[in-house]
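First, the structure itself, so that you have it in front of you.
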Amino acid sequence: MGEDAAQAEKFQHPGSDMRQEKPSSPSPMPSSTPSPSLNLGNTEEAIRDNSQVNAVTVLTLLDKLVNMLDAVQENQHKMEQRQISLEGSVKGIQNDLTKLSKYQASTSNTVSKLLEKSRKVSAHTRAVKERMDRQCAQVKRLENNHAQLLRRNHFKVLIFQEENEIPASVFVKQPVSGAVEGKEELPDENKSLEETLHTVDLSSDDDLPHDEEALEDSAEEKVEESRAEKIKRSSLKKVDSLKKAFSRQNIEKKMNKLGTKIVSVERREKIKKSLTSNHQKISSGKSSPFKVSPLTFGRKKVREGESHAENETKSEDLPSSEQMPNDQEEESFAEGHSEASLASALVEGEIAEEAAEKATSRGSNSGMDSNIDLTIVEDEEEESVALEQAQKVRYEGSYALTSEEAERSDGDPVQPAVLQVHQTS
């Protein structure tokens, strides 16, 4: 571009020189006419001058365009830089807006929570206000009552709690007379309560300024007297109920009930029948003073219901046939045994019961023969063994007699011997 500008300047300078030279040339000959050769040269020079002028103008225009394009490019670069800076600022603004939106969401959540809490607090405050209003009303009522009491300035509070008594119906059913007595005693208690309540004076100090102390003393004395009377009555009732519960008649009734539960009426009748029949048979078949229980090793099975009854029958038959003159010695021997000997005697009685069933099933003659055969004594050692067994059998008989007497006494509740029998057993 710089070279083009220099060439354009060169072309401009010779043209100006030629123009300066042209007017100087025709000045010497103004009156002469130009020749045709001169005219041709002038036209060519004019064409050349015009072409040079056009080239210079084009070059100048091109230079201007180049300068304008350079300026435009520079402006575009500046605009691009500005656009980049604007984009960065816009991105920052967008980030700030997103942050603001997040903060706005969090603030909206917190505000909603605060609103809920405020609603709850308002509800609680309303409830508290209602409670406070109620309490205020109650306090006002209490204040009014207190003011009334202060105006009266003379009041008493009586606290009474009746003691829990032992009901006699737990032990024994009381007759109608006991209920009548209780009805008669209740109005007395009510009367005493009414008397104590009437003694309380609720008058004011203005009405009775001088007689207050005397009235208080009399009321306290009456209250103490009524309490002492009630305590005495309750203690007497308890003692009476205990006496009635543990009276002789009640104990006998209970013992009779236990006897009926243990041994039924049917079993008693069976025992009596078996006692009468077996007693006659064994008394007729008595052979020697040394009696041994017959057939002690029996294997016959017996029903459970009749085992106890037959045990008593057998133990009753054997000593009845062998009543010895030394009854006092037998009683002392029976009382000297312990509870362990009682258990062994019961076991032997069961064995004897089984043997008795076998003996009764057989004929009376065969029973007598077997008893005679078993009671034959050959040596002195056998005699000593027989004596020991006879003593055991006698003890069993005494125990069976006591049990039979107890059962008979159960049938007759009036007899007082029931307690003595149980004590000895």
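Using N, Cα and C of the backbone, Cβ positions are placed for all residues, glycine too.
Sharing the record's features from Swiss-Prot:
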type	residues	note
COILED	61-82	coiled coil
COILED	125-154	coiled coil
COILED	210-268	coiled coil
COMPBIAS	203-219	compositional bias 'Acidic residues'
COMPBIAS	274-287	compositional bias 'Polar residues'
COMPBIAS	376-385	compositional bias 'Acidic residues'
MOD_RES	Gly2	N-acetylglycine
MOD_RES	Ser51	phosphoserine
MOD_RES	Thr196	phosphothreonine
MOD_RES	Thr199	phosphothreonine
MOD_RES	Ser203	phosphoserine
MOD_RES	Ser204	phosphoserine
MOD_RES	Ser218	phosphoserine
MOD_RES	Ser283	phosphoserine
MOD_RES	Ser284	phosphoserine
MOD_RES	Ser288	phosphoserine
MOD_RES	Ser293	phosphoserine
MOD_RES	Ser332	phosphoserine
MOD_RES	Ser341	phosphoserine
MOD_RES	Ser370	phosphoserine
MOD_RES	Thr375	phosphothreonine
MOD_RES	Tyr395	phosphotyrosine
MOD_RES	Ser403	phosphoserine
REGION	1-42	region 'Disordered'
REGION	2-168	region 'Interaction with CAVIN1'
REGION	62-100	region 'Leucine-zipper'
REGION	199-234	region 'Disordered'
REGION	271-425	region 'Disordered'
Between Ser218 (phosphoserine) and Ser51 (phosphoserine), what C-alpha distance do you get in Å?
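Checking the Cα atoms of Ser218 (phosphoserine) and Ser51 (phosphoserine) gives a distance of 160 Å.
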When secondary structure is assigned with DSSP, how many helix, strand and coil residues does the region 'Leucine-zipper' (62-100) contain?
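The region 'Leucine-zipper' (62-100) comes out at 39 helix, 0 strand, 0 coil.
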Across all the protein chains here, work out how many other Cβ atoms are within 10 Å of the Cβ of Ser218 (phosphoserine).
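Counting Cβ neighbours of Ser218 (phosphoserine) within 10 Å gives 13.
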